[in-house]
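Scroll down for the structure; my scribbles are underneath it.
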């Protein structure tokens with residue numbers, strides 16, 4: 001009697017990816033670490049100024065109006081609004097580039113690898129939202145509009161925390177954290193477009209498709225000239241802003257329009273820089289430093305400034321249901337949603353955790369995902385209005401919740417730092433000195 005063939009081995013949960021993907025993630029996180037440090041400095045400066053004797057100067061600067069109305073376009077915005085609507089569009093352009101790259105050439109193109117981060121991101125969004133709703137169910141007066149505030153993850157803040165505590169997070173968890181944050185950003189921009197858009201100007205929205213289509217046509221044909229692409233991008237942003245849809249959506253759509261694959265080079269001609277690496281990667285290399293080093297820190301400076309009012313004011317804010325819902329959503333909801341979803345998915349697929357990891361590692365990583373800063377503050381502004389009393393409670397909740405999540409994550413991850421250092425050494429050994437660590441060669445993951 002013939003023996004029953006054994007089923008093929010299942011890919012373990014949080015298994016190590018390819019060398020090319022690991023190298024790309026490492027480079028992205030290195031840049032985000034620098035941006036995260038600048039972000040923290042900008043947020044700290046805003047908090048100090050907003051709680052100093054010169055606080056009026058900060059709020060006067062934030063509320064200073066610039067712009068005007070030209071050709072029926074309403075572009076008379078405060079500096080805070082310019083940062084939220086304009087500069088964050090650059091951040092979401094990078095998000096769009098990342099998303100397309102992940103779905104076309106990254107881990108998300110493989111359904112078996114994409115299932116876990118997508119499911120974890122959804123779980124990490126649903127549970128914090130439910131906690132916020134439960135806490136604010138009887139608050140009334142539109143409090144539930146902020147349900148999406150504790151659902152976001154700030155990858156720059158998270159990797160800055162990793163840099164500060166000096167831990168070598170294994171490559172599998174680093175890749176998962178970045179992929180989770182990318183999917184998280186997609187869900188966030190979808191929520192903003194669907195739930196925080198009220199009056200839509202159909203004509204302006206239709207007109208926005210024209211410069212967007214021209215931009216897509218240009219980049220598909222390999223056009224790189226800034227004097228062509230920047231005006232088309234600005235026109236798309238202006239018309240999207242006028243349409244009533246949040247202008248940051250324009251950034252994501254522009255990112256989606258950029259091709260990922262390398263373009264064929266005519267015979268006899270050397271490839272352009274973008275053709276050697278792919279247009280999306282070429283754009284990302286140039287736009288990410290602007291996003292991480294300028295756009296996000298400036299937004300954080302104008303968004304994080306809140307007059308706490310001393311210990312009494314802080315205590316009063318923490319007793320408010322909105323603040324409490326945000327803190328609980330970030331600190332408890334995010335890790336519970338991510339870990340629970342991961343456990344359920346691993347049980348359904350009968351996949352075991354990678355041999356080098358433990359579930360406490362997943363808990364620590366999911367606590368990092370509870371650091372919701374940039375997008376959480378943006379959603380708070382949209383939900384309650386910039387400068388409103390509830391917006392002040394949002395800022396305190398996001399800041400305190402993110403710092404608390406970062407602190408817990410640091411404690412959890414530091415307890416495993418010795419194991420992480422061992423894994424890091426294993427992942428960097430290159431005995432044949434060919435530039436590819438041996439663990440990736442044994443897995444035939446050179447590409």
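Just so it is clear, glycine is given a Cβ too, placed from its N, Cα and C backbone atoms.
Since we're looking at a predicted model, the values are computed, not measured.
Checked against Swiss-Prot, the range among 258-278, 321-341 recorded as transmembrane segment is 321-341. It is 290-310, from the ranges 227-247, 290-310, that Swiss-Prot records as transmembrane segment. Taking residue pairs at least 6 apart in sequence, the transmembrane segment (176-196) and the transmembrane segment (34-54) share fewer than three C-beta contacts under 8 angstroms.
Of the Cβ pairs linking the transmembrane segment (176-196) with the transmembrane segment (359-379) and spaced 6 or more residues apart, 3 or more are under 8 Å, so the two regions touch.
Tertiary neighbourhood of the transmembrane segment (200-220): same-chain residues 228-229, 232-233, 235-236, 239-240, 242-245, 250, 253-254, 257-259, 279, selected by CB-CB distance under 8 Å and a gap of 6+ residues from either end. For the transmembrane segment (359-379), the residues of the chain that approach it from at least six positions outside its boundaries are 14, 39, 43, 84, 88, 91, 120, 124, 146, 148-154, 156-158, 161-162, 169-170, 173, 176-177, 180-181, 184-185, 188, 191-192, 196, 248, 296, 299-300, 303-304, 326, 330-331, 333-335, 338-339, 342-343, 353, 394-395, 398-399, 401-402, 405-406, 408-409, 412-413, 415-416, judged by C-beta separation under 8 angstroms.
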